[in-house]
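Okay, structure first, notes after.
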C-alpha cells in the first residue's frame with residue numbers, strides 16, 4: 001500500500017492521507033514513511049485520535065524509544081509509559097496547572113527553537129506529537145528546515161563552520177529563561193555533550209545545521225563570539241522561507257526528524273487546557 005503525501009511547504013513538510021495509525025503498520029508502510037521522512041522531514045497525520053498504547057506502538061516501528069529530559073525532570077508522570085513526554089499545562093490531578101507550577105514553567109523552554117534531546121549522545125531521531133486537547137487559539141508549533149537553511153548560507157560561512165562543534169546541555173534552554181530551580185542531582189543528571197555545527201543527514205546525504213536552544217557555546221571560540229555565531233545561524237535558519245507553522249486540531253499527529261529540523265511551540269493562554277503527548281525514537285549516530 002502506497003502512502004499518499006501532499007506538500008505543506010515549498011521546501012519540506014507534507015500531509016499524509018489514507019492511513020490509519022491506530023492499526024498495525026506493515027513493513028511496506030513503515031519503509032514508505034521512512035522514505036518520506038528522509039525527503040520531507042515533517043509529516044502531518046490528521047484525524048488520528050491515538051490512545052497511549054497506539055501511539056507507543058506506532059512509534060516503536062521506527063526504533064527504540066528514548067526518555068530524554070525524564071532523567072532531569074525526576075517527577076511522576078500522568079502516563080502509563082515512561083517514554084511518553086507530557087507536553088501540557090496539566091497537573092497530576094488532571095486540572096490545569098497554576099501559572100507558576102513546574103508543569104507550566106518548564107514547558108516555556110519548548111517555545112525556544114530546539115531539537116529534542118540534542119543534549120545527549122545518541123540524540124533523538126523522530127518525534128511523534130499527538131494532540132489530545134488544544135486551546136481555542138494559539139499553541140501552534142513551528143518547524144524550520146535546517147537542510148535548506150544550510151544550503152542557503154554563503155559558501156565562505158559554510159567553510160568556516162566545518163570542524164566547529166557546539167556544547168549542548170539539557171538545562172541550557174531553561175537557564176536562558178531564568179528557570180534555575182533545579183537540584184544539584186538534576187543539574188548533573190545529563191552531562192553536556194558536543195555536536196558538530198554541520199552534520200550530514202544519513203537518509204538524504206544532505207548537510208544540515210545542528211544548533212538550537214540546548215547549544216550553550218562553540219568549543220574553541222571565546223564564549224561571546226561563539227554565542228553570537230549561534231545566534232546569527234539561528235536568525236538565518238528561522239527566516240519565514242524555511243518555516244512551516246502547524247495549527248493543531250485534536251487528533252493530529254505530527255512526526256519530525258530532529259536531526260535536520262528545529263521546532264518550537266507558540267504562545268497561548270495558559271489558563272486554557274493544552275494537552276499533547278510525545279514519543280521519541282533514539283538515533284544511532286554519535287558524531
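Each Cβ is built from the backbone N, Cα and C atoms, and glycine gets one as well.
Look at Swiss-Prot and you will find 113 tagged as 3-hydroxytryptophan. The Cβ of residue 113 (3-hydroxytryptophan) lies under 8 Å from the Cβ of 144, 212, 213, 234, 237, 238, 262, 263, 264, each on the same chain and at least six residues away in sequence.
DSSP gives residue 263 (Fe cation binding site) a strand state. Swiss-Prot lists 114, 116, 263 with the feature Fe cation binding site.
Look at Swiss-Prot and you will find 141, 248, 274, 278 tagged as 2-oxoglutarate binding site. In the three-state DSSP reading, residue 278 (2-oxoglutarate binding site) counts as strand.
For residue 141 (2-oxoglutarate binding site), the same-chain residues lying six or more positions away in sequence with a CB closer than 8 A to its CB are 129, 245, 246, 248, 254, 263, 264, 265, 266. The residues near the 2-oxoglutarate site, meaning same-chain residues not in 141, 248, 274, 278 whose C-beta sits within 8 angstroms of the mean position of the site's C-beta atoms, are 87, 129, 131, 134, 139, 254, 265, 276, in sequence order. Remark: residue 116 (Fe cation binding site) has 68, 123, 124, 127, 258, 278, 280 as non-local neighbours, by Cβ distance under 8 Å and separation of at least 6 in sequence.
Long-range Cβ contacts of residue 274 (2-oxoglutarate binding site) within its own chain (separation 6+, distance under 8 Å): 88, 89, 133, 134, 135, 139, 268. The number of other CB atoms found within 10 A of the CB of residue 278 (2-oxoglutarate binding site), across every protein chain shown, is 20. There are 22 other Cβ atoms within 10 Å of the Cβ belonging to residue 114 (Fe cation binding site).
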